[in-house]
Structure formats: C-alpha cells, structure tokens
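Okay, structure first, notes after.
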Amino acid sequence: MASLALLRRTTLSHSHVRARAFSEGKSSNRHRIEKILVANRGEIACRITRTARRLGIQTVAVYSDADRDSLHVATADEAIRIGPPPARLSYLNGASIVDAAIRSGAQAIHPGYGFLSESADFAKLCEESGLTFIGPPASAIRDMGDKSASKRIMGAAGVPLVPGYHGYDQDIEKMKLEADRIGYPVLIKPTHGGGGKGMRIVHTPDEFVESFLAAQREAAASFGVNTILLEKYITRPRHIEVQIFGDKHGNVLHLYERDCSVQRRHQKIIEEAPAPNISADFRAQLGVAAVSAAKAVNYYNAGTVEFIVDTVSDEFYFMEMNTRLQVEHPVTEMIVGQDLVEWQILVANGEALPLSQSQVPLSGHAFEARIYAENVQKGFLPATGVLHHYHVPVSSAVRVETGVKEGDKVSMHYDPMIAKLVVWGENRAAALVKLKDSLSKFQVAGLPTNVNFLQKLANHRAFAIGNVETHFIDNYKEDLFVDANNSVSVKEAYEAARLNASLVAACLIEKEHFILARNPPGGSSLLPIWYSSPPFRIHHQAKRRMELEWDNEYGSGSSKIMKLTITYQPDGRYLIETEQNGSPVLEVKSTYVKDNYFRVEAAGVINDVNVAVYSKDQIRHIHIWQGSCHHYFREKLGLELSEDEESQHKPKVETSANPQGTVVAPMAGLVVKVLVENKTRVEEGQPVLVLEAMKMEHVVKAPSSGYVHGLQLMVGEQVSDGSVLFSVKDQ
C-alpha cells in the first residue's frame with residue numbers, strides 16, 4: 001500500500017484517477033487549451049511549465065529585464081519581454097501581459113501566485129480579451145480577495161469571525177478609534193494580497209499611526225491597493241488552511257488541510273499536511289466550513305480557505321480566502337497523489353473534477369521548507385547575491401521546486417525565495433527524518449540563507465511532537481537563536497568551526513595535490529614549495545600556513561580569525577594545528593573524490609564532506625558541509641605560505657569597523673522615504689529612513705539622540721548592503 005502511494009506521488013504527473021462521480025455537463029474539445037502564457041516568474045512559473053509540458057501544452061514565459069536569463073524563461077517554449085525590473089512596470093502590468101498572450105497565440109493565462117493572481121480586474125481583462133483565465137471567476141476573486149468583503153460575507157453566512165473592523169472608512173482617526181474599541185494588541189492587515197506583506201502587530205496606541213501608514217505603503221507597493229482591516233490579535237494561534245477545488249458544474253471538494261503555523265515576519269517558512277494533533281472530527285469541521293465558504297461565492301478552480309485556530313479555546317475562525325494556487329500546494333499534492341496544476345487546467349477546460357470527495361485519498365505526511373536568501377541574524381532581512389554554488393537533494397520522496405540555477409543572481413526586485421524543499425513520509429515522524437536529512441544536504445554558497453535556521457526548527461523537540469503555533473519562533477527563541485553571552489554555546493560553536501576549518505584546509509590542499517599530480521607544473525617557482533617536485537619532497541615534512549576568517553554567529557555577527565599550520569605526513573595524512581592554547585593537533589586523511597566531494601577521516605570518524613569555493617574581491621570564499629553542519633570561511637588570496645618561503649607580510653585578514661553612531665544599510669534596497677533632513681536633531685529610536693527590498697519595508701532608526709550627519713540620500717536611490725547611510729553625533 002505504502003509503495004503504491006509513493007509511486008503515485010513520484011509520478012504525480014504521469015497517472016491520475018479519472019473517476020467521474022460528479023455532475024459533468026457538456027465540454028467541447030474544440031476549445032481545449034493548447035497554449036498557456038504563464039504570467040509569473042521563478043519557481044511557480046517553472047512548476048506550471050512542467051505540468052503543461054507533460055500534458056502536451058505549449059508554454060509562453062514573460063520576463064522583465066532582470067529575468068532575461070532566468071530558469072523560467074529557459075524552460076518555456078517561448079518568452080516575451082514585458083518591461084523593466086520593477087514589478088509594477090512588468091509582472092503587475094496586466095495590459096502588457098494580455099498583449100503578450102495575444103501576440104503569442106496563447107488561449108489561456110495562468111497567473112501563478114502573487115502578482116496579478118488575485119486581481120479581479122486582471123481576470124476580467126483576460127476574459128474580455130478572449131483568453132481563459134486559469135483561476136476562479138472574477139466575481140469570486142473580488143468577493144474573497146478583498147479580505148474585508150470576504151469577512152462580511154462569511155459573517156452573514158454564520159461563519160465565526162475574529163473581532164475586528166472590516167469597514168470602508170479608512171480615515172486614520174476612524175481606524176484609531178476602531179483599534180481602541182477592539183482592544184490592543186491589534187493586527188493591521190491589508191485587505192488584498194498575502195504573504196505577510198503589510199502586516200503589523202501593534203501593541204500600544206502610540207505605535208498605531210506609524211504602523212498603519214507603513215502597512216498602507218507596503219500594500220500599495222505589493223498589491224496596488226492600500227486599504228486596511230483591523231483584527232484582535234489572538235495571542236496563541238495556529239494557522240490552518242484547507243485546500244479547496246471547484247469546477248464549473250457546481251462541484252466543490254476539499255483536499256484536506258495544511259498547518260502553516262511556523263512563520264517569521266508573518267510569512268510561512270515550514271508547512272505540513274495534514275495538520276498535526278487535530279482530531280478527525282475537527283478535520284471534518286474544517287473541511288465542511290471551507291467547502292461552504294467556496295460555495296457561497298460560486299467558486300471554481302483552486303483556492304485556499306485560511307482559518308486561525310485559538311489553541312486556548314480550540315475554536316477556529318475564518319481568516320481569509322486565497323483565490324489562487326498557494327505557494328505550499330506541493331504538500332497537499334504529496335498526500336493526495338494529484339497534480340493540482342493539472343486540475344486547474346482541467347477545470348479551465350470545462351471538465352468536471354476528476355475525483356469526488358469520498359475518493360480523495362489521504363496518504364502519509366508531507367513537509368515543505370521554504371529556502372530564502374535572507375540574513376537570519378539581522379531579523380530575517382532579505383539578502384541579495386549570486387548563487388556561486390547550488391546543489392539540491394532530490395529522491396523518490398524528496399521534491400525541490402526552484403526557479404534558479406547555479407550562477408543566477410537573487411536581486412532586490414522580487415521575493416527572496418530560492419526554492420521549496422518538499423518531502424513525504426509514511427507518517428509524520430518518517431517525513432521529519434527526511435526533512436532533516438534533506439536540509440543537511442541543501443547547499444547554497446554566495447549569499448546568506450535560512451537553511452541552518454530551518455535545520456534548528458526541524459530538530460527542535462517541540463516541533464518534533466507537533467506542538468506548533470504562529471509564535472513558535474518567539475516561544476523558543478532561546479533555542480533557535482544564538483546567545484553571545486552563553487559561554488558553553490560559544491565554546492561549542494568555536495570547536496565545531498575549528499574542526500571544519502581543519503577539514504577545509506586538508507580538502508583544499510588535497511585537491512591541489514590531486515590536480516598537480518596529474519598536471520605537473522614543471523617546477524614552477526610560483527607554486528608552494530612542496531609541489532616543486534611532485535608529488536612531495538621525500539623525507540621532508542613540508543608545512544603550510546592558512547588563515548581563515550570564520551563568520552561567528554555566536555559573537556553578534558563578528559568574525560574570528562583561525563590560524564592553521566598544516567604539516568604533510570609521509571603516509572598522506574595531514575597534521576593540523578590551530579594557534580590557540582590548549583587546542584589539540586588534529587590528524588586528517590582526505591581523499592578527493594570528484595568536483596566538490598571528499599571522503600575525510602578525522603578524530604576517528606570517516607564521512608563525506610563537500611567544499612565549495614569561489615573568489616570575489618581578492619577573497620576566497622569557502623563553504624563546507626559536513627554531516628548536518630555548514631560553515632563559511634573567508635581567506636585573502638595569496639596568503640598561503642610554505643614554511644620554507646620567505647615573506648615580509650604576515651598573513652592577516654582585515655576587518656573594518658565604523659565609528660560609533662554610524663548607521664549602515666541592513667540590506668540592499670531602495671530608499672522610499674527620507675523622514676528627516678541632514679543636520680537635524682533626532683531622538684534615539686526616531687525613524688530616519690525607510691528602505692524597501694523585495695516588497696518589504698524596513699525603517700532605519702537613529703541609534704542614539706543627537707544630530708544627523710552625512711545624510712545625502714534621496715527617494716529612489718538604491719543602497720547596497722552594509723553601505724553607510726548616515727551617522728548621529730552629539731553636535
């Protein structure tokens with residue numbers, strides 16, 4: 001049974017049940033979709049293209065100038081430019097996208113998720129232009145996409161709602177009064193869109209105005225609509241959503257629920273299906289409520305009804321309905337063995353749903369972990385950079401949805417998600433084992449990611465037993481985040497880094513030896529002395545020094561220099577010493593296998609090691625993956641010396657520090673607001689600038705009271721990560 005279920009999952013796209021238990025009506029083959037334009041980018045565009053190709057349907061990609069060489073462009077049958085990088089001029093330009101579809105001869109447009117996927121105006125424009133919109137009717141998008149309107153509809157239908165304000169009057173004084181009526185803390189949320197963009201938790205009236213205005217700006221930038229709703233903030237909630245599907249013959253069913261409680265910045269980072277620790281009766285209630293919600297607006301195609309579950313009272317409340325395919329839809333596909341994109345196309349073609357409710361299977365358990373380019377230590381701020389090394393694990397029960405390849409750049413213009421790692425197991429425990437193993441094998445070098453943090457989440461004892469809620473990260477922050485004041489943790493971190501630094505040294509030198517042994521350099525004096533007569537000098541214990549700079553997350557983002565002395569032994573082993581009192585000499589045997597792979601023996605343990613290296617700005621950047629550990633080191637180029645070589649320069653990696661009061665950009669981004677003028681007096685914590693990157697705003701505040709100096713930025717300027725923005729001085 002399990003093997004059959006696994007076969008169904010791994011061939012989602014090859015074999016599907018076709019039991020027509022629902023009313024079907026008449027459908028004509030004369031208008032079947034043969035060519036689809038995918039109005040999106042990244043992993044979801046690649047995902048849609050993959051299913052379309054299997055069905056024999058041609059695909060058209062659209063791209064901005066920033067995405068000309070992207071994977072979603074390369075995988076489509078053809079691609080059409082729609083504008084410059086800013087989303088409002090390209091992926092949010094509905095007229096340009098419809099024009100591209102007509103020019104390409106496509107009969108249908110698939111919006112993916114985000115961008116125009118929940119725009120009723122865009123769905124209507126498609127239909128008016130003679131194009132099939134692969135999604136719900138514009139009326140349902142309008143009713144349910146507007147979170148205030150959807151709550152009014154659900155309230156009228158008797159669905160429980162969280163206390164809040166969902167009215168049309170957006171006057172800020174009115175909103176302040178409503179917030180007072182609801183009672184703090186309140187949740188500020190845009191009425192359109194999703195993904196946590198624009199959401200703010202406000203704890204006191206003093207914070208309200210600034211948070212409200214920032215939420216409006218983010219909503220306008222992300223969704224083109226800046227209206228806001230208010231809700232009472234439930235202190236211990238779970239986020240559980242139900243996947244629903246309808247067809248144009250009046251049939252609606254659900255495909256069970258997903259738990260999306262583990263979030264940061266109000267964005268999901270680990271999702272799972274089915275939800276853990278709920279009863280069959282509770283599951284049934286959720287399903288019935290979700291189907292009723294969909295039927296209330298004559299819904300068809302894919303949708304998700306989101307509920308907030310109060311873990312104190314065990315009551316659930318309607319939160320919102322997403323009228324599109326969700327980012328996390330793969331976990332549902334894994335437990336029901338169906339391709340939801342194929343279902344979307346079937347429904348768009350006028351066909352009935354391929355299964356009835358009683359035929360929908362529920363097999364095993366699935367997790368999805370979202371891999372983001374972000375700085376966890378900086379509060380999960382988005383990061384940019386080049387994927388110099390990118391290796392993902394894939395197997396019969398492990399699936400990776402991605403829109404990038406090695407060498408691609410993650411830019412500031414779009415969402416920083418690199419990939420979705422999806423795993424399946426026969427039960428939750430088995431799936432969790434695969435999730436932890438796959439995360440340990442997920443390799444990215446070139447920019448910071450949240451992979452290490454996801455590993456901490458997956459390995460946490462509370463997560464293992466399914467004790468999840470939306471405050472999971474805050475509740476267990478002492479376990480999940482580093483504490484520079486914890487001497488035990490600091491020592492453990494240093495010892496792990498020291499071990500991996502030693503393995504790095506042995507692996508890099510062994511690879512050089514391997515290459516030079518097969519390509520003798522002819523005694524070049526430019527090479528280290530122990531390679532002047534390959535393989536090595538007989539009876540000469542050549543030594544080599546290396547200095548590696550380790551990014552020490554246990555030291556508040558500071559780095560630590562590790563000075564290594566490597567001695568080659570006649571038996572092919574390396575003795576590696578670290579210049580620190582009490583550090584033992586480590587004996588390492590390294591065997592180069594191929595590419596980035598090594599087989600290493602150290603401290604009585606033999607295991608596989610992966611080392612990725614790239615050079616930039618006269619620095620060699622080195623990443624090592626060993627077991628569940630990943631470490632990142634930097635080395636100045638040209639600093640490797642043999643003991644026999646004379647050098648006037650002692651190896652040294654410089655680190656720069658800015659003067660006290662200097663404020664640097666926490667991320668690469670766009671200046672969207674300058675709140676004070678240069679040489680103005682500010683108070684500690686006063687907002688000075690607002691930066692935007694990947695549709696998220698970040699307020700830059702004064703670090704102390706004083707006068708602003710060096711503030712020369714203007715709205716519309718781009719700043720790089722770490723660049724100096726201004727300083728605050730006493731005078």
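Using N, Cα and C of the backbone, Cβ positions are placed for all residues, glycine too.
The transit peptide feature in Swiss-Prot is assigned to 1-22; the stated evidence is experimental evidence.
The feature domain 'Biotin carboxylation' is assigned by Swiss-Prot to 32-478.
Swiss-Prot lists K147, E231, H266 with the feature ATP binding site, giving similarity to another entry as the kind of evidence. The Cβ neighbour count for E231 (ATP binding site), using a 10 Å radius over every protein chain in view, is 21.
For 151-349, the entry in Swiss-Prot reads domain 'ATP-grasp', with the evidence type sequence analysis.
DSSP assigns E320 (Mn(2+) 1 binding site) to a strand in the three-state reduction. Look at Swiss-Prot and you will find E306, E320 tagged as Mn(2+) 1 binding site.
Less than 8 angstroms from the CB of E320 (Mn(2+) 1 binding site) sit M144, K147, S150, K151, G194, E306, each of them six or more residues away in the same chain. Marked as Mn(2+) 2 binding site by Swiss-Prot: E320, N322.
A simple way to gauge crowding: the CB of R324 (active site) has 27 other CB atoms within 10 angstroms, across all the protein chains here. Under the heading active site, Swiss-Prot lists R324, citing similarity to another entry as support.
The feature domain 'Biotinyl-binding' is assigned by Swiss-Prot to 653-729, with sequence analysis given as support.
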Item checked: CB within-chain contacts under 8 A for H266 (ATP binding site), separation at least 6 -> G196, M199
Notebook entry, point to check: To the nearest whole angstrom, what is the C-alpha distance linking E231 (ATP binding site) and N322 (Mn(2+) 2 binding site)?
Noted result: 18
Notebook entry, point to check: According to DSSP, which of helix, strand or coil covers E231 (ATP binding site)?
Noted result: strand
Checklist line | Nonlocal neighbours by CB distance (under 8 Å) for N322 (Mn(2+) 2 binding site), same chain, sequence gap 6 or more | finding: E118, G194, E241, G303, T304, E306
Notebook entry, point to check: Any idea what DSSP makes of H266 (ATP binding site), helix, strand or coil?
Noted result: coil
Item checked: 8 Å Cβ shell about K147, E231, H266 centroid, ATP site members excluded -> L187, I188, K189, P190, M199, L229, M319, E320
